[in-house]
């Protein structure tokens with residue numbers, strides 16, 4: 001009896017015991033899975049790219065202090081976001097979750113959540129910040145502070161700025177090596193590239209002799225070659241990273257600024273703000289194969305991730321021109337805000353955008369390259385006119401004046417945009433009244449004047465972009 005009762009009780013309690021064990025295991029499993037899910041969720045946030053992000057183009061409207069989002073599938077503006085003052089450059093983080101917008105007029109960076117299209121945070125950086133880009137692992141952003149010769153590193157995990165890094169004179173933009181170990185910064189004022197070790201945040205090398213006025217920059221997917229726009233000589237320079245020097249230059253149209261590569265790495269598109277056109281470079285042949293008229297003042301250039309289209313910010317006409325890479329013709333234009341200064345896709349202007357290397361052997365096909373570059377630099381040095389004045393940078397509405405005392409012919413240019421030139425002749429029969437020159441749409445107006453000795457000439461910047469006045473004789 002006792003045995004039967006005992007068995008019966010055990011049998012009766014068995015379901016309860018099993019249920020209890022199941023609940024306990026389920027509870028443990030639930031706790032574990034929740035923990036794993038939480039951990040996975042954190043990883044997803046920083047690694048999984050949002051489904052639609054690759055088709056979105058981000059446009060900085062420098063004149064209206066906005067960032068516009070364009071859907072490249074429909075080529076229509078889908079969102080306009082208010083940011084800081086005079087936004088210049090912007091790039092999308094490698095995970096696609098944020099867009100970093102550099103506000104040159106307010107010395108800060110607006111971080112946009114690409115899923116909500118709202119400003120998540122604003123970070124103060126250095127004076128007159130311009131270029132921004134990231135290490136491919138998504139750990140660091142680098143903001144180039146043009147007005148104080150420094151770079152501000154930003155930790156992408158906590159969105160906090162680190163200690164500023166001193167670089168060369170008048171730095172403008174930068175790009176990371178594909179392995180993320182080095183960050184290359186163009187120094188427009190010292191004709192050099194500063195190489196930053198991203199593990200120590202210190203400059204470990206300076207590549208000199210990058211003539212003339214290195215401005216914007218990108219890198220081939222194998223990390224061997226830097227492509228640098230040379231504002232002072234209307235060319236794109238090819239810098240051999242291993243040799244640490246520029247080995248070739250490719251002439252392009254006047255006043256180029258931004259360069260981006262197709263995903264296969266075979267072609268480069270270069271904006272030519274002074275010629276209202278875009279140069280198409282075949283990197284295997286290392287020459288321009290076509291020049292495309294797009295409108296007044298093209299600056300930002302970005303190739304779509306699928307390589308089918310190129311988007312160009314046309315600053316003087318408040319539009320984005322869309323080029324088909326199959327025909328290299330403009331197929332569409334998109335109205336934007338004022339002065340669409342820069343455009344970017346996820347991975348544009350960086351090695352992450354490209355899937356195969358440029359034909360690096362092409363450089364070897366030109367054995368006289370080093371000699372040609374050196375000879376060109378020597379020739380430029382010997383013909384350099386005497387520089388009398390190099391004014392401070394002029395924001396919109398600011399002016400600079402100079403009194404011409406001696407007769408002769410003077411060349412006037414802008415250091416940042418040397419394709420902008422004018423001529424002033426000082427002669428006894430010239431104008432004696434004060435003379436005002438207006439800077440608008442990247443031009444000096446009038447472009448040629450004659451004044452008498454002792455005449456005061458004033459330049460007024462009416463552009464949203466900064467300019468300065470260089471006087472040479």
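Backbone N, Cα and C define each Cβ position, glycine as well.
Remember, predicted model here, so these are calculated numbers, not experimental data.
Among the features that TrEMBL reports, domain 'YNCE-like beta-propeller' is placed at 57-141 (among others). Here the domain 'YNCE-like beta-propeller' (57-141) is broken down by DSSP into helix, strand and coil counts: 0 helix, 51 strand, 34 coil.
Look at TrEMBL and you will find 213-346 (among others) tagged as domain 'YNCE-like beta-propeller'. Secondary structure of the domain 'YNCE-like beta-propeller' (213-346), assigned with DSSP and counted as helix (H, G, I), strand (E, B) and coil, comes to 0 helix, 81 strand, 53 coil.
What TrEMBL records for 356-392 is region 'Disordered'.
Among the features that TrEMBL reports, compositional bias 'Polar residues' is placed at 370-385.
Same-chain neighbours of the domain 'Blue (type 1) copper' (435-473): 62-63, 86, 104, 128, 255, 273-274, 296-297, 315-316, 338-339, 341, 385-417, 419-429, counting only residues six or more beyond its ends whose CB sits under 8 Å from a CB of the stretch. Feature annotation from TrEMBL assigns domain 'Blue (type 1) copper' to 435-473.
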Any idea what the model's mean pLDDT is for the domain 'YNCE-like beta-propeller' (213-346)? 95
